[in-house]
Each structure stands twice: as C-alpha cells, then as structure tokens.
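> Have a look at the structure that comes next, please.
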Amino acid sequence: MSSFNPHLKFQSQAVAKPYFVFALILFVGQVLFGLIMGLQYVVGDFLFPLLPFNVARMVHTNLLIVWLLFGFMGAAYYLIPEESDCELHSPKLAIILFWVFAAAGVLTILGYLFVPYAALAEMTRNDLLPTMGREFLEQPTITKIGIVVVALGFLYNIGMTMLKGRKTVVSTVMMTGLIGLAVFFLFAFYNPENLSRDKFYWWFVVHLWVEGVWELIMGAMLAFVLIKVTGVDREVIEKWLYVIIAMALITGIIGTGHHFFWIGAPTVWLWVGSIFSALEPLPFFAMVLFALNMVNRRRREHPNKAASLWAIGTTVTAFLGAGVWGFMHTLAPVNYYTHGSQLTAAHGHLAFYGAYAMIVMTMISYAMPRLRGLGEAPDARAQRIEVWGFWLMTISMIAITLFLTAAGVVQIWLQRIPADGAAMSFMNTADQLAIFFWLRFIAGVFFLIGLVCYLYSFRQRGRVPVVVAAPAAA
C-alpha cells in the first residue's frame, strides 16, 4: 500500500493481493493433503499413525473452505472499490482482518494435526457451547466466533464503501451473497442433540452456502471479469446476472430438499427435493450461455487471454460438475442407491473445482497483473504457462471425476443393489475399487503439476508490450 501503483484504479484495491496470495498457499496445502488421502485409499497404513485418514480429510476439506473464503474476500476488496467508484472505506481494517483470519486458520489446522481432536475440544472449551464434531464444521467454537468477527468487520468495510459510492448490480449481488454467507454460517452454532434435527441445520450451512449464496458470489465475480475483458455494455451483462441469480436462489433454496430424503423429513420432500434439485443445473447452464454470448459479442480484444479462458472454463466445468454430475444422483429413487457413494465424491470434486476454485482463479488471473504493477496482462510466456496450468488442472479434475464415477458405479453394483445376503461388504467392495483409486491418485499428481504451472506463471515479470504509434512525418 505504501508505493503508488499506476495500474490500479484505486490504490486501496492493493489489499486484495495478500488475500489472493494466502488463498493460493492454502490451495497448495489442500491439494497435498488430497494426494495423501488418495494414497491412503490404496496404501491404508501410509503415514499412520502420524497422520490418520480422518485427520487428513478434515484438513483437506477445511483448507478448501478457508482458501475459497480468502479468495472471495480478496475478490470483494478488488471489485467493490472499482464498482463503487471510490476507495475502500478502511484498507487498514482489511489488513488487520487478514492477519486475524490467517492466524486463526493456521492455528486451527495445526491443532487438527498435532492435538487429538477430543483434547482440542477440551482445550478450546467446546463444552461451553458445543459446536464441534460435524463434517466441514469441525472448527473449535472459538475459531467459529473468530470467523464471525472477521466476517462482520469485512462486511462493514465493503458495506461502507458501497454506501459512499456508486451502486451497481454487480456489487449489490456480491454483497448479497457475502451477507448470506455470513448469516447462514450462524446455523453452525446450533448443535441439537437430536441427530435428525442436527442434520437439518447442518445442511442450512453447507447446502445454502455451496448451492445458494455462493452462486451469487460466483455470478458477480464472473460478471465483473466479463465486463472488463469483453467490453460488452454493462446493462446487457447485468440483465443476464439478474436471471442467473433468480434461478440460483429459487432452485437452490427449495432444492435443499434433496438432502432431506433420508434424515426423517416428511415424504413430501422426496417429490419437492427431486423436482427442484433437478432444476438446479439451469443457473449453471445459463452461466455457460452467458459467458459464451458475452465473449462472442465482445467489443475489445483483451490482452489477458488467460483470464478470458478461465472465465469461460469456469462456467463449462461448473455446469458439468454441479449440473450434470449433480443431476446424476439427485432424484430420490436414484439417490436411494447412490447416497454417500463414490459418485457423491465425483460430483463434489468437479462441482467445487468448476464453480468456486476456478472462479477464484479467474479473478486472480485478471487482477494479479495489475496488483503486481504489470498492467492489464503479463507477457506471452507467462500466459502460456498459465494456460498450461489451466488445461492440466481441468483435464486432471475431469479424469479424477470419471475415475470416481466408475468407482461409484462398481460400488453401487456390488454393495447397494444386491439383496442384503448377496451384497458385498464395504471393505471387500473397496478392494475391488483399487484400480480406480490408483488412477485417481495419478490424475491428482498431474493436477498438482498444473497448479504449480499456474503459480509459476505469476513469477514472470514481463508485461504485454505497449505499441506506440510513430510520429507523423513533418
């Protein structure tokens, strides 16, 4: 923040850089723990008892959530000042919150790794307000309180920025999504003793995040980048955004019912959940049409080709992961057999990567050259390396999804469909899936190589040369 950056419209946008950098560091950690878990699937005692599978999985999923949150916050700190046409309300507050959130995140992960979970719960006085022990919400209560404090400070900062500046559809949708993210997280503090009731409130956090308000955040970030790289009129893009978020909210909120099939809810949810969750691919399909339409109607050739590729890629991959693979097992008669199988893991991996990891990397790809003082785009070599990273990660994730899908089909065929006496046991079924898990691990290694390419592209210091017209002859 101390040095002037001529490539930023507002100097306070520079606070986004540490958020983006830390997000990518956590992303590397998530992938590494994913590879460890992938190997533990086929080499059961790998790193045991130093790093049990359940601990590796907890770190893997928590890193996913936290790095995406850092990415969303960095995106907001970059786009909100530009959309509001004014400086960020308090850059100093943004930096303070960064260090608070980063410290809380690192300490929590270290706690998972070096302290037995029961001891961690006792150490952090979970008995005063029990919130621990649930998937994705394993954080100690003190960490959850810290997340709420950081979220409130963050929303105050960008909210005050919006109030004193211009109001646009993009910034309003982004703010709505971020407020929803904070509000729905509050359900994490309610942990009823009744397991059926607990599952309802757990899904109010998990589902209404990833299939609800996070889609608003994704839509706003995508719209912002497309405005910048295509030059299409803002009014056209905003109309598309209205349609997309309306579909996302209607299908996403009522579509929560597909999680109510087997947790003790009334039978009507078998129909409601199936019908509305079958409509959930629509907003993702609309995003594909939106991105392709805007690129075809572009009024300028933006020099950052890599960012444009990420913008299109995130819509297509999100539609495949969240739309196609989500629909595969969302209808109640099908979900009866597929629930909790490797097919669920296939959907989860491609959906999270396509919808949220890729949109954060899209934003970083667009913003980082400016944040690093390089102008609109890095040089051609850096972009080639980044494009290699895009294709390696995306193809590898699709391969991971296909291998997990094959594993899920075999698992369902051997373990779920046969009658009780003929069904194969869980562990015996797992032995039959080893080939798919080995292939998944190999694809994961290529994914890591792609991520390294993406990160290495930012080490290039070159920039796109500016062509200056020669002076006219006298």
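Using N, Cα and C of the backbone, Cβ positions are placed for all residues, glycine too.
These figures come from a predicted structure and were not determined experimentally.
Per Swiss-Prot, transmembrane segment is recorded for 19-39, 61-81, 95-115, 145-165, 169-189, 207-227, 243-263, 270-290, 308-328, 348-368, 390-410, 433-453. The heme b 1; low-spin binding site annotation in Swiss-Prot covers His60, His349. Here Swiss-Prot flags His207, His258, His259 as Fe cation binding site, drawing on a curator's inference. Per Swiss-Prot, the feature heme b 2; high-spin binding site maps to His347; the stated evidence is a curator's inference.
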> Quick check on the binding-site residues: of His207, His347, whose CB has the lowest count of neighbouring CB atoms inside 10 Å?
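Comparing Cβ neighbour counts within 10 Å for the binding-site residues His207, His347 gives His207.
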> Using all protein chains shown, find which of the binding-site residues His60, His258, His259, His349 scores highest when you count other CB atoms within 10 A of its CB.
His258
> Answer with yes or no whether the transmembrane segment (19-39) touches the transmembrane segment (433-453) by the criterion of at least three Cβ pairs under 8 A, sequence separation 6 or more.
yes
> Name the one residue among His60, His347, His349 whose Cα is closest in three-dimensional space to that of His258 (Fe cation binding site); these are the binding-site residues.
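Comparing Cα positions, the closest of these binding-site residues turns out to be His347.
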> Here's one to test understanding: among the binding-site residues His207, His259, His347, whose C-alpha is closest in space to the C-alpha of His60 (heme b 1; low-spin binding site)?
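So, spelling it out, the nearest of the binding-site residues is His347.
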> Do me a favour and check the Cα-Cα span between His259 (Fe cation binding site) and the residue listed as 'heme b 2; high-spin binding site'; whole Å is fine.
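One finds 15 Å between the Cα atoms of these residues.
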> If we skip the immediate neighbours and take only residues 6+ beyond the ends of the transmembrane segment (19-39), which ones have a Cβ under 8 Å from one of its Cβ atoms?
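Residues packing against the transmembrane segment (19-39) from afar: 46-47, 51, 53, 56-57, 59-60, 63-64, 66-68, 70-71, 73-74, 77, 98, 102, 105, 109, 357, 360, 363-364, 367-368, 371, 437, 440-441, 444-445, 447-448, 451, 455.
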> Do any residues of this chain, six or more beyond the ends of the transmembrane segment (308-328), have a C-beta under 8 angstroms from a C-beta of it, and if so which?
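Here the qualifying positions are 211, 218, 222, 225-226, 229-230, 277-278, 280-281, 284-285, 287-288, 290-292, 295, 302, 334, 338, 343, 346-347, 349-355, 358-359, 361-362, 365-366, 387, 390, 394, 397-398, 401, 405.
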> For the transmembrane segment (270-290), find every same-chain residue at least 6 residues outside the stretch whose CB is under 8 Å from a CB in it, and list them.
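211, 215, 218-219, 222, 226, 237, 240-241, 243-245, 247-248, 250-252, 254-261, 315-316, 318-319, 322-324, 326-327, 330-332, 355.
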